Amino acid sequence: MSHHFAGAGDVGVPLKSTVGVGIPVSAEDIILQTFDNDERKLQGSMRPIITELDNNKRGSIRTDVADLVMVKYKCSSNGVPITQTNGSTLPLVPGSSKDAEFGGYNPFDHRTVQYPTTDMETFIHLLKGSLGSGILAMPLAFMNAGLIFGLIATATIGFVCTYCVHILVKSSHKLCRRMQVPALGFADVAEVAFLAGPPAFQKFSGLFRGLVNTFLTIDLLGCCCVYIVFVAKNIKQVMDEYVLDINVRWYMLMMLPLVIAMNLIRNLKYLAPLSMVANFLVGTCMTITFWYVFQDLPPMKSAPFITDWHKWPLFFGTAIFALEGIGVVMPLENNMKTPQHFIGCPSVLNIGMAIVVLLYSTVGMFGFLKYGDKTEGSITLNLPKDELLAQSVKVMIAVAIFLTYSLQFYVPFEIIWKGSKHRFTSHPVLFEYLLRVLLVVGTVLVAIACPNLGPVISLVGALCLSFLGLILPSCIDLVTCWEEPGLGRGYWRLWKNMVIIMFGILGLVTGVYSSMLDIIVTFNQ
């Protein structure tokens, strides 16, 4: 008996298949054909994906969500070979349904990670991913909020960000069980949640995958711009004291050849030593910075407890830029030896984020208390200019952030290159190097155009991380739980997520508006 199943590559061409012997059936009449009883016994849980042609959309296939038509995820994650029958390219993969999440399939048992990380290693990576240059900007954030309001708002934003990570990871686990795949990345979770959700949401799957990749790219390239500004300003202060006073933009131009050369390294393996050196320098710098901050602290009443409300959006943008580490969450969880320990109570995430919020609150509060209205975009810029130890901090932190640029640049470049390399098949390596150079030059030009660190940090945080860290996880949670387990008594899950989404939208709009005004003022000056 001959079976022919239409695959994705068959769309848009006149297909014929045979049912029985010599009976032609067109694809528009029937694409799905069933196995006989013997084949069902032989295959067990293996069954073909059910598909049907959508005549209203030329060249598209509408899939039966109950059978979870996510062929590319199943094949790549489970290692299922593509079975070709009469020229068909449709793979046979294990059938699944939403019942799978309540028993049967455990994604953690099917993960094959070559070098899985322990709970402690994941905890260290989480701290490393969250404790970046943003911690040095927290005193500026508190200047736009006030001491007491800054403490309360930082704790609130930290709690909301941590909760959003919880619901994102839980949604990932649900989707992995429903689809019977061991792991999903951030963009995969967004796409699968909508594609496997209610029919009304399925058409948005590609859009949300694209939004995740787009905002991740903007966020990380924005961080690269911030790094250029940060390094140039710290080097300028040292050079102004001991050598020559020149415009900060010239330092950015002088850095350009070095940044280009460093980012021609294509393998992350060769960037690891740079990361180790950067971590050591950051730890040393923070120790010396705390020593200066806690010397001769003024009384608490010398700083305002709360500021004018129109400054709060700048605080929100800076704080969420510093606290939000949503981009590293899914890679960390997917590579854990015991991923079930990542969320829960207690858990790696809860303990790690509690320490992060405590450190950020401490640096922000005491940094602002120490320097008041003179607080700079980075606390290192407030250190004494006439002391060699303080100047060494600026040099070390500048070198550390400079060495971190390549790691930040790696992810957005991979996203852009994967989406464009099919256009450069003749000389791919040459075009890859050319694209690297163009993107690096672009980040330096943006930094030169806007060398004011504070508004840039606030803009990146408000624009990208409000969406990635607050709005998107709530949307994914809603779509994933819409049908099972449902919206809950009184639609509490709907209202809860809507509150978070509105909070994210409010922060995004007000933060972007305030940051753009500050950037325009800076540019005019």
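In case you wondered, yes, glycine gets a Cβ from its N, Cα and C as well.
All TrEMBL annotations are machine predictions without curation.
Keep in mind the model is a prediction, meaning the values are calculated, not measured.
Taken from TrEMBL, the feature domain 'Amino acid transporter transmembrane' applies to 120-516.
Per TrEMBL, transmembrane segment is recorded for 148-169 (among others). Sequence-distant contacts of the transmembrane segment (148-169) (same chain, six or more residues past either end, CB-CB distance under 8 Å): 138, 141-142, 186, 189, 305-307, 312, 315-316, 319-320, 323-324, 326, 329-330, 333, 342-343, 349-350, 353, 356-357, 360-361, 364-365, 368, 469-470, 472-474, 476-477, 500, 503.
Under the heading transmembrane segment, TrEMBL lists 211-232 (among others). Nonlocal intrachain contacts for the transmembrane segment (211-232), taken as residues 6+ away from its ends with a CB within less than 8 angstroms of a stretch CB, comprise 132-133, 186-187, 190, 248-249, 251-252, 255, 259, 327, 378, 398, 401-402, 404-405, 408-409, 411-412, 415-416, 419, 439, 442-444, 446-447, 450-453, 456-457, 459-460, 463-465, 467-468, 472.
Feature annotation from TrEMBL assigns transmembrane segment to 248-265 (among others).
Per TrEMBL, the feature transmembrane segment maps to 277-294 (among others).
For 314-332 (among others), the entry in TrEMBL reads transmembrane segment. Residues 117, 122, 125-126, 129-130, 132, 134-135, 137-138, 140-142, 144-145, 150, 153-154, 157-158, 161, 164-165, 168-169, 172, 184-186, 189, 216, 219-220, 342, 349, 356-357, 360, 411, 454-455, 457-462, 465-466, 468-470, 473, 507, 510-512, 514-515, 518 of the same chain lie 6+ residues outside the transmembrane segment (314-332) yet bring a C-beta within less than 8 angstroms of a C-beta in it.
Long-range Cβ contacts of the transmembrane segment (344-369) within its own chain (Cβ-Cβ under 8 Å, at least 6 residues beyond either end) map to 119, 122-123, 126-127, 130-131, 134-136, 138-143, 147, 150-151, 154-155, 158-159, 161-162, 165-166, 169, 293-294, 297-298, 300, 302-303, 319, 322-323, 325, 329, 336, 375, 379, 382. For 344-369 (among others), the entry in TrEMBL reads transmembrane segment.
Residues or ranges marked as transmembrane segment by TrEMBL: 389-413 (among others).
Residues 137, 140, 221, 224-226, 228-230, 232-233, 248-249, 252-253, 255-256, 259-260, 263-264, 314, 318, 376-378, 409, 412-413, 416-417, 420, 518-519, 522-523 of the same chain sit 6 or more residues outside the transmembrane segment (433-454) yet have a Cβ under 8 Å from a Cβ within it. The transmembrane segment annotation in TrEMBL covers 433-454 (among others).
Taken from TrEMBL, the feature transmembrane segment covers 460-482 (among others).
Annotation source TrEMBL lists transmembrane segment at 494-516 (among others).
Annotation: stretch 277-294 has the most Cβ pairs under 8 Å to the transmembrane segment (389-413), among 248-265, 277-294, 460-482, 494-516. With a threshold of 8 Å between CB atoms, the same-chain residues lying at least 6 positions outside the transmembrane segment (494-516) that come near it are 160, 163-164, 310, 312-314, 316-317, 320, 455-456, 458-459, 461-463, 466-467, 469-471, 473-475, 477-478, 487-488. Tertiary proximity for the transmembrane segment (460-482) is limited to same-chain residues at least six positions away from its ends with a CB under 8 Å from its CB atoms, namely 160-161, 164-165, 167-168, 170-171, 174-175, 189-190, 193-194, 197-198, 201, 208, 211-212, 215-216, 218-219, 222-223, 225-226, 313, 316-322, 324, 326-327, 493-494, 497-498, 500-501, 503-505, 507-508, 510-512, 514-515. Residues of the same chain lying 6 or more positions beyond the ends of the transmembrane segment (277-294) and with a Cβ under 8 Å from any Cβ of it are 128, 135-136, 366-367, 370, 379-380, 383-384, 389-390, 392-393, 396-397, 399-401, 403-404.
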